[in-house]
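**Student:** Sharing a structure here in structure tokens format.
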Amino acid sequence: MHNDTIAAIATPPGVGGVGIIRVSGSDAFEVVLPLLKRPGSSTALPSSHKLTYGQIIDPQSSEVLDEVLVAFMHAPHTYTREHVVEIQGHGGPLVLQRILRAVLARGARLANPGEFTMRAFLNGRLDLAQAEAVMDLIESETEAGQRLAMQQLRGRLSDQVQQARHATLSVIARIEASIDFPEDDIPTPQAEELNPLIDEALRQVELLLAGSDQGRLYRQGLRTAIIGRPNVGKSSLLNAFLRTERAIVTAIAGTTRDTVEEAVNLRGIPLHLIDTAGITPTEDPVEAIGVQRSRAAAESADVMLLVFDSSEALTEQDRLVSTEAQAMGFGVPSSTLSSDEQVATHQRPVLLVLNKSDQEQRIDRAELEQLWPHATFISTSTFSDAGLQQLEDALADVVLAGRMLHSESVLVTSTRHQEALRRTMENLRAAGRSLEQRVPLDFVSIDLRTAYDALGEVTGETASDDLLDKIFSEFCIGK
Ligand code: GDP
Ligand code: ZN
């Protein structure tokens, strides 16, 4: 059974006005009630979903641990669908720890990461995609990301997946009925009859997949490496971005000695800008480490801003950096490749930034255009902020390719869902082909089953215990 009683601090670590301890399970009321001393010394269970004022008393020492408001909430109208108690105390780490210890001493068990949400899932309050949306909602970096997570939490994605699942099941049912009862009156279904049903499921799945690369961007953000030889203005460019971009979303800690990462909000997409030390041939071992890290940042980036100093002629180092970037797969025009091809060939977009436009221009533009025949060029000055808006527009163009996010959009935002939907698509297509080729129906049915199960992985019906453990262990404790 999943309803032993669990407890955890649900508010973030640190000091706050209020801190909450959450308790869930069959014995949640019995665990907490004896710890609570109320005015008039009532011991009856307070009414459900109402706040009750009182003190939490340490049962051993009779010491008053805190002054609290407590909500006793009856199953099933709770987050986990079990009995839930929430104790609101003062938000100090020690106070909350001591209340939690008293609760655990009464027989509750410390909750695992994500265990409250896992129970909500196991008890049927949320499906798996919705449970995942809880975490996306907490972690969203932009309003657009938050809106998408909310749509998913409300079940909009699950609805579409379920539609495709039902369509697939109806085909399976027809095929299997004719296989199981051949001598009865059930006629063998014909391809002409089954194909439209498979197509309907396929259309749903393809629609979801079509938006999934964009959806993942809103959730995961975009790694944008600022690359170039030393002194062209890479760090100044990053700072200019941070200065002009009002909606800074987060300051990312992963600041190593040689690369700095900051996030800004690019039309709803968390843009993770990585400033690098610069790529240059060097004998100096310390400098070599920086160059190596710059290369690694470039290798892992989704987009590259390749920066040149336009007040100087092109140098051998500039040419070298260009060659390296192309060898990494940057610079093929993205519009000529489908996203699958881009993944397969590792082709990624590059924007060429001609910085220091406030100075006399000495760079050989013709040679650069020969080096980079498909790239977009943008002149910038980090001194006057000239060109920064164009750079942002160009980035948005490259990234979104003209697609806009509507507030009612339902987009697949997770790699896991995308991967399951791809498998669904492949198996539905295989089933369609087999039908055309008059392959025996039990083989068609195998492909359809695989597609049906893959769809179930999104919503959780066919997710393995290992997968569930993996997903929920990424949650924080108390959620
Ligand atoms: P990085 O080594 O590529 O990161 O280059 P920095 O950002 O450290 O800049 C190198 C030098 O170029 C500094 O002296 C900056 O003040 C200067 N610089 C950066 N951007 C501009 C610009 O747009 N115009 C001019 N005139 N100088 C710039
Ligand atoms: Zn720098």
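Positions of Cβ are set from backbone N, Cα and C atoms, glycine also.
On a predicted model such as this, the values are computed, not experimentally measured, just so you know.
Residues or ranges marked as (6S)-5-formyl-5,6,7,8-tetrahydrofolate binding site in TrEMBL: ARG22, GLU86, ARG125, LYS479. What TrEMBL lists as GTP binding site is 231-236, 250-256, 275-278. Summarising the annotation, TrEMBL assigns K(+) binding site to ASN231, THR250, ILE252, THR255. Residues or ranges marked as domain 'TrmE-type G' in TrEMBL: 221-400.
I would like each feature placed in context: is it buried or exposed, what are its neighbours, and how far apart are things?
**Tutor:** According to DSSP, ARG22 ((6S)-5-formyl-5,6,7,8-tetrahydrofolate binding site) is assigned to a strand segment.
Long-range Cβ proximity for ASN231 (GTP binding site), meaning a same-chain Cβ under 8 A and a gap of 6 or more residues, is found for GLY278, ASP309. In the three-state DSSP scheme, ASN231 (GTP binding site) falls into the coil class.
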**Student:** Hey, how far is LYS479 ((6S)-5-formyl-5,6,7,8-tetrahydrofolate binding site) from ALA277 (GTP binding site), Cα to Cα, in Å?
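**Tutor:** About 39 Å separate the Cα atoms of these two residues.
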**Student:** Provide, as an integer number of angstrom, the distance between the C-alpha atoms of ARG22 ((6S)-5-formyl-5,6,7,8-tetrahydrofolate binding site) and ALA277 (GTP binding site).
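**Tutor:** Distance (Cα to Cα, whole Å): 47 Å.
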**Student:** Provide, as an integer number of angstrom, the distance between the C-alpha atoms of GLU86 ((6S)-5-formyl-5,6,7,8-tetrahydrofolate binding site) and LYS234 (GTP binding site).
**Tutor:** 50
**Student:** Checking the spread of the (6S)-5-formyl-5,6,7,8-tetrahydrofolate site as listed (ARG22, GLU86, ARG125, LYS479): what is the longest Cα-Cα distance, in whole Å?
**Tutor:** 19
**Student:** Report the member of LYS234, LYS479 (the binding-site residues) whose C-beta atom has the most other C-beta atoms within 10 angstroms.
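**Tutor:** Buried the deepest by this measure is LYS234.
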